[in-house]
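Taken from Swiss-Prot, the feature S-adenosyl-L-methionine binding site covers Thr148, Gly171, Asp193, Asn235, and the record attributes it to sequence analysis.
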Amino acid sequence: MHTMKKWLKISIEANPLMVEVVSDYLVGIHGAGVDLAADKDENPAGQIVAFIEQAELSTADAEKCATQISVFLAEMAAVFNVASPSLVWEFLEEEDWSKNWKEHFVPFTIVPGLIIAPTWENYEAQGDELVIEMDPGMAFGTGHHATTSLSLSYLQDVVTQRGAKTVLDVGCGTGILVMGAVLFGAERGLGIDNCPDAVAAASNNVVHNHLAEKIDIGITPLSELREEYDLVVANIIHDVLASMVLELYSRVKKEGHLILSGLLADQQVDSIIEIFAREGFVLLEKGIEGEWGAVLLQKR
C-alpha cells in the first residue's frame, strides 16, 4: 500500500524586501519547497507559501516549527526595519500533491553557462553547460534570486577571467556559490555557516553534485580561519558584512577579490563600498538587480 505524503503548509505575508531572505531560510534550514503566490510586482504583500514534508502530522511538532520560523521572521523584520510578517500553518495529506508541485520547478539558467536543475529532473547538459542539481529553494522558490545570480556572475568573472584558484564562501547556506565557483574552474573551495542545518544541507548538495573532493563545508567561525584565499564571497546582509570587515580583509590574499551581496540598492551598496574602502579594498564593479545589489572589490 502506498503511503500518502504528509506536509506542513506555512503561509507568510511579509514585506517584499524580506521575500528572498525568508525563502532562502525556509529552504536551507527547513528543507522546504517554496512558492510565491504571485509575482512580486503584482503582490506587494510579499506572500510566501512553504511546504515542509513531515514524518507524522504532529500538532506539537508543527507549532515548534512555526515558532522557530516566527522568531526568524521577527529578527529579519528588525534588520530590515519593517513590520513583522504574519504566519499561518495547516496540514496537507495528498498523494499526488507533491508531483503536481514539482511541475512548477524546471531547469533554468541562473547565469550564462550554469544551469540549476531539480534533483528529480535528470537534466542532461547541452554542450559546455555546467549543472548544479538542487531541490527547490535557493534558486527555484522565488525565481528572483538577484543576490545569488549577481554573486555567481562575479564568481564566474573572477574564476574564469582573473584566475582565482581558492574560494571561501562565508555564510554558504545551501552551498550554491562555492559549488558554482568550483564548476567555473576553482581548484578548491570552503563553505562556512554558523547554522548546523545549513551546513548539513550544503554538505549533502556538495556530495550529490560529486564535488566533495574539491569542496569542504564546515561550521568553523570566520574568526578562526587562518588561510588566505584568492576569492572570498559573502552573500549575507549589510550590517553583518559591515561587522565582519576586518575578518574578511584578513582572509583575502593581497590583490585577491571579495564579492559582497545581500545588499539593498542603492544606499546599502554605497555604504558597504565606503566601509570596505577604508580598510583597503578598491571597487571594481557594482551590480544592481531590482531591489538588490552586489559589489566586486579587490584588496590592495
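For all residues, glycine too, the Cβ spot is worked out from N, Cα and C.
Features per Swiss-Prot, on structure.
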residue	record	Cβ within 10 Å
Thr148	S-adenosyl-L-methionine binding site	27
Gly171	S-adenosyl-L-methionine binding site	21
Asp193	S-adenosyl-L-methionine binding site	23
Asn235	S-adenosyl-L-methionine binding site	26
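According to DSSP, Asp193 (S-adenosyl-L-methionine binding site) is assigned to coil rather than to any helix or strand.
Cβ proximity to the S-adenosyl-L-methionine site centre (mean Cβ of Thr148, Gly171, Asp193, Asn235, cutoff 8 Å) flags the following additional same-chain residues: Asp24, Ser151, Asp169, Val170, Cys172, Gly173, Leu177, Val233, Ala234, Ile236, Ser261, Gly262.
In this entry, S-adenosyl-L-methionine is bound by Thr148, Gly171, Asp193, Asn235, whose most widely separated C-alpha atoms sit 16 angstrom apart.
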